[in-house]
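Peer 1: Here it is: the structure, laid out below.
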């Protein structure tokens, strides 16, 4: 479920709801299979409440009578009182104690196994330096500046790796015999093909990847920016500070260095804006820069930056490199992983990795002279001049009409963001919730059958109780042996029937409950996958997982136990009251008084406990969210040494939940105490009434009344507790039903009269007419009045500064958000057809490559529509065969959760292979090659040109060279279209947006880009001239 929630946007765009629904359904069936077995066993145990004491009395009395003894009231009802006293202890509490002890042992065993796992070894800073035989010792309290100064003075590398080898698993060697020295104040860049081990090298330095041979010494405090930007639920400022003290001047410098100043101006509450889990409310570039800003803000000696330049446009990329990496961090040790080869000339040391070992190490000149295959791309990538921007750089959106000149005034944003708090129901649980639960169990027929069985069982049980009283009374009148035998036969028939039908009743009841549980789970999952992306952007994964874990767990087990108790107890009470009334109608008066007192106690208790139970459910969600978020950012947390901060936050969330849970338990115990007290008074009144008023002829009647009263009070007391427990547990159904009624996307399938032809779209013409988009009815428009047409088979590049609305344009195309206006594809208005019919005809390579746990084959073809040859052909076209061969099993090789056993670049290649397999007429690439090396990028670009030459291709790109040969370029800014034409024509306007973007890449790069545009334009004109 966690994977589905994290990758829901990709699932929707790929129309994979059905295969994932099948996966979840299969997993749920397995779960229900074991829960059902446990429930049926519990049903047998709960059946003992009905017939255990009666069967015990039956065996004892029959044995006593068969040995020729006459039964009497004093013997029978003392025995009955004894067994009734034992009944709840033996049939409820004893089995429950055994069950909970067994479950407790399993839980303790699992926790023990987890706690005995190897602990993560935090890196230790060097504490001694040596030079010419002299040894200098110093402590970790040295400032980073003093630390680096000492290292420089003693000419000691900050990072010293000798013949190191490491691997993530036993099968594949990740890094092999790697040696590397990094000295203070040096900028080291790590380059290499996709999957060469660049990120693994940083993991090894962080000690996340353990060495199995060689040695490594790291001197200094480290900071780390991950390749996949990790943000937690909180404000932008909290994400940047990450536990560090707020220093206003330093903070200003960092956000300027990380090009965040303009973004803060556009966020509704500036840096106080709540970004939500995984930063879903921000663009990919904004997330990457906030992730980088967190690393830069931390005072450290060594900065490990894993490809922070890929997710931003060229202008911002250049700013980050010059102002942040070369500027703000100029006195630090920086190890930068990147595919942006245009910056290599300006770095101190270059490490070229290939297949996990150092292919070459040295300066830019050394790399060019090495004549390695990879170096051929140095000349094709932009070699930027130093004559670019000197002095302060312009960070605002280029001439954006919405940019505002501003200073970093802390008072600029006066408002405070309102955090999206989980909704809490109020008052009693609605009768509609009860009806929905029973309806999910099979409708009125099954409910009627179950209720009839409950009443029939109670008639048999109460008939047995009354029959033993009748027998005792006959014995007092000296009955004949034949009459005694008749009594034995009837009593035997009643008890045996009670046992048989009680078991049948329990089976039918739990069958109904399991069916209800399964249907509610399916309804909630289907509603969740069909709801809008706005819901996922505004609700944390922990909040959603809470419904599927704790709430469904309560429905599966706790609710069924409470419900069968309530039904069984109240029908039993009904039977007891009738039996008592036949003996002494006057006992109905104290019984009614007792019932009224119980009822008001229950109302008083429920008004508190119900709210506490809801509060407990809500305070549980942040615990799930916090754990899930911490697991996703574990490497960053450890690199920052922020474990104590995260543990403190977890303790806070856990304490809140524990407080609510303790209140719930305490209120339940207090309720039980007062019920016991009322029961004690009631039994005393019944007993005294026979002593004071007397007049009863038969002792059997007196015994029956007292024994039934004792049973009555026990039932009353336990019934009140369980009705309260039932209502408390029904809040879980209430929370599940809340998700079954989420706002839904438009229909997946088209009406028959609107359904497009199977061959649609045949040409791939896309028209945007007055298109505007926003993510919710209350949000501002993020796209405004877009009007342009993409002709069939055109290749269109979409460019613009980070946050300009490029990815939002794709949301509009896939109808992931609320639209105003029209998108027409080959004459069909996409708003009038089903979502599956639209999305299945569009291929997408998303900005963040998402893979799911399972086989590689299922990740490529979840519907099993294609044979292996088609899949291998796609894999070959994206140059991924060698990596697949390294997976044990090839196409059947296992992909870890989130694709964590593949690099980000490799994951993007898998996504490209998916698009090739689908072979749709329209292809959308959302920065598809952002995380691959230039060589792989060139190969992919060529594959796209060849494979999709007869398709309409929309390409969002930060690397301008990938769109310079496009038929047209769409330039976006602040959600509007500012330019749209062939790149060569756009470059003719020297003051245009696109011209400025090209100009900002540097003189040589700009010249090369202009040449590409000119050549592309000449090729496009040739057919016309001919």
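Cβ atoms are placed via backbone N, Cα and C, with glycine included.
According to TrEMBL, the protein carries these features:
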COMPBIAS  751-762  compositional bias 'Basic and acidic residues'
DOMAIN    1-102  domain 'ABC transmembrane type-1'
DOMAIN    159-380  domain 'ABC transporter'
DOMAIN    449-728  domain 'ABC transmembrane type-1'
DOMAIN    766-999  domain 'ABC transporter'
REGION    742-762  region 'Disordered'
TRANSMEM  44-67  transmembrane segment
TRANSMEM  434-461  transmembrane segment
TRANSMEM  488-510  transmembrane segment
TRANSMEM  558-580  transmembrane segment
TRANSMEM  586-605  transmembrane segment
TRANSMEM  671-692  transmembrane segment
Peer 1: With the transmembrane segment (586-605) as the reference, find which of 44-67, 434-461, 488-510, 558-580 contributes the most Cβ pairs under 8 Å.
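Peer 2: Answer is 558-580, with the largest number of Cβ pairs below 8 Å.
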Peer 1: Which sequence positions outside the compositional bias 'Basic and acidic residues' (751-762), separated from its termini by at least 6 residues, show Cβ-Cβ distances below 8 Å to it?
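Peer 2: Here the qualifying positions are 825-826, 828, 832-834, 837, 841, 921-922.
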Peer 1: Residue counts in helix (H, G, I), strand (E, B) and coil for the region 'Disordered' (742-762), per DSSP?
Peer 2: 0 helix, 1 strand, 20 coil
Peer 1: Can you tell me the mean pLDDT for the domain 'ABC transporter' (159-380)?
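Peer 2: It averages 84.
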Peer 1: For the transmembrane segment (488-510), give me same-chain residues lying six or more residues beyond its boundaries with a C-beta closer than 8 angstroms to one of its C-beta atoms, as numbers and ranges.
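Peer 2: Residues 36, 39-40, 42-44, 46-47, 50-51, 54-55, 58, 61-62, 65-66, 446, 449-450, 453-454, 456-457, 460-461, 463-464, 467-468, 471, 560, 564, 567 contact the transmembrane segment (488-510) from elsewhere in the chain.
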